[in-house]
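What TrEMBL says about this one:
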DOMAIN    2-148  domain 'PPPDE'
REGION    180-254  region 'Disordered'
COMPBIAS  211-223  compositional bias 'Polar residues'
COMPBIAS  230-244  compositional bias 'Basic and acidic residues'
């Protein structure tokens, strides 16, 4: 059995001294100050003096090695002994060959497939605990946020598709109604069965126009009677009252 050691670096390969200094300060505050996490690079050492990690490259594997704690791209921070592996050196070499095929450099992703994810998988195959949560917490939080955003976008696209489909069906329905009216075969209105008689074409055309412009709504009884050529009852007027009085006076005189 042999120790499995995790080496941790501050990510200071931005090419800007100001940015690198800012990252170091962020790591001090969020990791050293409140124990939340930071922006880190990690590598695993097992058998020998080299550490193994993963990074981006356009061709070939992204798995690489360098002397432990001596990666020139980053600022060394600390190491953690994760435990002991029962894997032989032959088995470890076999695992590394498998990982080299499975982790091409072009598949590197800052949030979903970075060096810390690689070390997690390497440690799992070695049979030791994975990385402490704070090492990759920022990336995991970002990955979760991206997943939530992606799912929301999918739901919005689905809702939009459903609305468009429903609108197309409604449009075809309205076009069909209009064509029927133009061809002299108007559709039955919602009130066509009232009293056992079909509504007049004039009523149906008016109902269709009303549905298209203001939305379908049930007609009142007086509206329906008026549309079918029946004079609706109207409230008595002042002139009606005068006529009624004249009639009553004449009857008394006689």
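Heads up, the Cβ atoms here are built off N, Cα and C, so glycines get one too.
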Checklist entry - In the domain 'PPPDE' (2-148), how many residues does DSSP put in helix, strand and coil? => result 61 helix, 40 strand, 46 coil
Next on the checklist: Restricting to the domain 'PPPDE' (2-148), what is the model's mean pLDDT?
Outcome noted: 88
